[in-house]
Amino acid sequence: MTTSPVRPPQPRAVPAAPAWPDATGHFGVFGGRFVPEALIAALDELTEAYEAMRVDPVFLDEFAVLQRDYIGRPSVITEVPRFAEHCGGARVLLKREDLNHTGSHKINNVLGQALLTKRIGKTRVIAETGAGQHGVATATAAALMGLSCTVYMGEEDTRRQALNVARMRLLGAEVIPVTTGSRTLKDAINEAFRDWVTNVETTNYVFGTVAGPHPFPAMVRDFQRVIGDEAREQVLDREGRLPDAVLACVGGGSNAIGIFTAFVPDEGVRLVGLEAAGDGVETGRHAATITGGSPGVLHGARSYLLQDENGQTIESHSISAGLDYPGVGPEHSHLHDIGRAEYRPVTDAEAMEAFALLCRTEGIIPAIESAHALAGAMRLGRELGPDTLLLVNLSGRGDKDVETASRWFGLGDRTEVDPGPGLDTDQQPTEGAVAGDEAVAGRDAGEEA
Amino acid sequence: MSLLQQRIDAARAEERAALIAYLPVGYPDVDASIAAMVAAVEGGADGGGADVVEIGVPYSDPGMDGPVIQQAVDVAVRAGVGMRDVLRAVEAVAAAGAVPVVMSYWNPVERYGVERFAADLAAAGGAGAITPDLIPDEAGAWLAASEAAGLDRVFLVAPSSTDARLRSTVRACRGFVYAASTMGVTGTRATVGGAAERLVARTREAIADVGTALPVCVGLGVSDGNQAAQVAGFADGVIVGSAYVRTLLDGEGPDGVRRLSADLARGVRQRAAVRPSHA
């Protein structure tokens, strides 16, 4: 925990927040609150506390110290010229969220919400998780701040991701397997909401992404926007200009909103979200919510989602745990509809090609989620041509994905982890999950693309 | 005049509370679920059955429901049960002599089309809809469509609702106000605590404040005749869901539903004899 003698970092000037959401949490026609009345009081309490906290210098100092001393912010920018040779001559800069404590951008949000939990006097946090990544981040913050922590996780996922279950338990969290519905992330979210409505007097729900009812989409955005605030300044310092495009993967969309937000007012900067197309959007086995879905209501907000003709949620499919979610944050739906951001599908195969390429050209193993953004950069670079400047959010590191990658590339015999569906809305990789980076380098995958 | 309010007022005239039975369409299949709804209306040979049937629209993500209802609804979702089946159940319940009201999470209605839903529901003889994850603040399209079709719209209030929210919710309701007895999800409970009675009293104050005369019905937790009698001591209607679904999950079929309805119908008629517990 932080203590008062620590001098906080000097605040930087940051661009203003976008003009949305409105006072009741709407991003254009999206967002809002579609929840049982019983939760409204808790959401109002959270909104009020957050609004007070975000302008409270004591909180802001405490948060800034945590960002610097615990997460390791600011994260650096790395230029990747050997990778960029495969991007049509464009220059590529990576924002290195993979270097954060716990290995991804997830920790940015979780620490903010944990501080908020303490401020409103609650002693217990709950979270949903698919692969266990947001669960591990929440368990980490709970351990740091002395909060009790319960994580809901689909039963299938607790088996497949046994290592992360063990990590959460090491950190002192209780992990509850969810056996209802499709037993995936979306059912873990449902179960977390059921817990919350039952235990709301003592419990705060630490939501993992920029989805859910107001205030979660705005609050999680504000905790994640540090990514883009830093990156915009770093690119200006380094290049004397803004990037031509900013790219990020989109599941629920928190890392993408995090890096987009500072650039939204810069109309010359293209904002490109890469959705997980799984086997291909045309196959129906995908998680490309904006590309292949339609507007509706899921998990407390109106946004694009994957649904059938009866309005039932369709299960998503992606090799990437963190993008395997049938919904998306309402601000992304709004950015799409007003044409400020574009959303493109990236298949499993394209993402894995980019994954292997970054490993072999730059010595950086990305999270498979982030590899979708890298694949987007390869394509966009070829479209835009030489001398364009691309900024890619490397939202997490790929240690957690070594086993999945080994299976994909047919390397080695260690195939006990099944890279199935039903993981986090975004990712936060497992550190040191599986030793064996050499396995990935063992085959010439995708270099000639 | 609201179909729901008429029926609940008629029960009040008999010095009893109304019995409202929830059953989801499509468990164990569509026809059997409709047979169960009719059985709930018939009740026992000697006494009454359900006055109102709350016809559940299956939904893949029922965030307000406990494990019993989830289990049944999951079967219906997987079988592809849709609004057409729901409308068939509405017609059957109306023909059986009870007032049909649809209970739906919001996305299936939005997907079907709000105006189309209102028009088709009215044409099928439905009284209106209960919307557990739609608060009046987000209900603009539904308020307009239900108004145009002359349908009731039932929103929920909860123990955590502020007085201001009670007033704004009551103002948006037509038919009755659904008071969720406890903080939590659907499911049977050993006791329906004092929170329900306090909420009903607060809701009635809000109703008086806004100058309407809506009935207040209590749901969440009631499973047998004794609990129904307790709740009938302070509410205008008693809503029972999980206990009905439990009988179907246990394979007791329409006969089990009939027995449960008879027990509950006795309960809502004993309101004078049993005082509510203040557990």
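Using N, Cα and C of the backbone, Cβ positions are placed for all residues, glycine too.
Nobody curates TrEMBL annotations by hand; they come from automatic prediction.
Since we're looking at a predicted model, the values are computed, not measured.
For B:Glu54, B:Asp65, the entry in TrEMBL reads active site, proton acceptor.
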How many Å lie between the Cα of B:Glu54 (active site, proton acceptor) and the Cα of B:Asp65 (active site, proton acceptor)?
14
Does anything in the same chain, at least 6 positions from B:Asp65 (active site, proton acceptor), have a Cβ under 8 Å from its Cβ, and if so what?
B:Val73, B:Val185, B:Thr186
Run through the Cβ atoms and count how many others sit within 10 Å of the one on B:Glu54 (active site, proton acceptor).
28
